[in-house]
């Protein structure tokens, strides 16, 4: 079935910044998607087109991206009469219209909005849930479907928070749960225990939450943060059932070839900055002491040597985000250099659904894991919840069990699990190889 209308408008994300919403209309109705945006963005990412007019929205307007959908993409899609179910053809047409390697002409935010809305329209035409349509597009096995382990960002540092803590995200992963719904209950209980402990130790205001719903107390070191989380896990009664994951976002504190764990202090002492090897030693100590199962972006996005050296004997999942930015060329290099063994999949880093699916497949082919991810500037759109089930990746990170833009995805996964019943299993401790379950 052909598309009868494509329309974009500017709406707001969870940080109050403008973002692009796209509606695609077919005979079956109108289908809508909203594009997220990140705070710590990799230099190799597809371009999110912002207006740059400082007199409106502090330069963050998306009126150009919206116009690109309404004035360029919409007429081209309608005149090409592309079948809404032919995702590859839709995406290829937009990439040709754009013609740049990083989508800088039309904007990844314009292209992705259309790409996701088209997938929703196609699922409706096929009369199947979105996750089933995405599984069809990816060629994923659906016997059984796999529900992901939620990696819940319960404590924030780095660029997402004040305080001196350099590492950006401390996540809990309820790998010992029997189902997704049990995992979310466990995660929620630990989160509440963590908030109480944080207020007791750091004062009432320390319980306030950051962009992704995690607490952001004035913590100085990773050990202090991890001790607090371990205490919360114990208080909730889930020791041994809940693991921990880190997103270090190290590109944010990489300076002159060294890592500055005091990067938020303008007078930071450069004699205390760490080499890649010294930072690797710090991670190894943390892995030995705490139940850490996954480390994302342990080193800067172009510090390939440090990545490859660390991966050899890390013993935990090493997730590439800024290193690969969901970009097929960067993923191929990371695979060849043996720099990591999991991809963080953010659809807006590459900017189209077809390319996102290909990135996941390339990763699976190299026996990598894939973790589907939200962005810090999120919306009520639940697309990635269906995507993680459709791609069968077994792991998702979408913030804390707090703030509606985070819960939207987690609640959608609860619905999917309920709908699938015995046709689905929970990834649990096998999250890294969920595509093979």
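Cβ coordinates are placed from backbone N, Cα and C, and glycine is handled just like the others.
Residues within less than 8 Å, Cβ to Cβ, of residue 397 (substrate binding site) and separated from it by at least 6 positions along the same chain comprise 150, 151, 152, 153, 169, 171, 245, 247, 344, 371, 372, 373, 374. As annotated by Swiss-Prot, substrate binding site applies to 160, 169, 296, 321, 373, 374, 375, 376, 397.
Under DSSP, residue 212 (active site, proton donor) is assigned to coil, being neither helix nor strand in the three-state scheme. Swiss-Prot lists 212 with the feature active site, proton donor.
The Mg(2+) binding site annotation in Swiss-Prot covers 247, 296, 321. Neighbours of residue 296 (substrate binding site), defined as other CB atoms within 10 A of its CB across all chains, total 28.
The active site, proton acceptor annotation in Swiss-Prot covers 346 and is backed by similarity to another entry. A 10 Å cutoff on Cβ-Cβ distances gives residue 346 (active site, proton acceptor) a total of 25 other Cβ atoms nearby, all chains included.
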Non-site residues, in chain order, whose CB comes within 8 A of the mean position of the CB atoms of 247, 296, 321 at Mg(2+): 168, 169, 246, 248, 249, 295, 297, 319, 320, 322, 344, 373
Closest of 296, 321, 346, 375 to residue 212 (active site, proton donor), Cα positions, recorded positions only: 375
Cα distance (Å, whole number) from residue 375 (substrate binding site) to residue 321 (Mg(2+) binding site): 12
Cβ packing number for residue 373 (substrate binding site), 10 Å threshold: 27
Cα separation, residue 346 (active site, proton acceptor) to residue 296 (substrate binding site) (Å, whole number): 13
Pairwise CA distance, residue 375 (substrate binding site) versus residue 346 (active site, proton acceptor), rounded so that it is a whole Å: 8
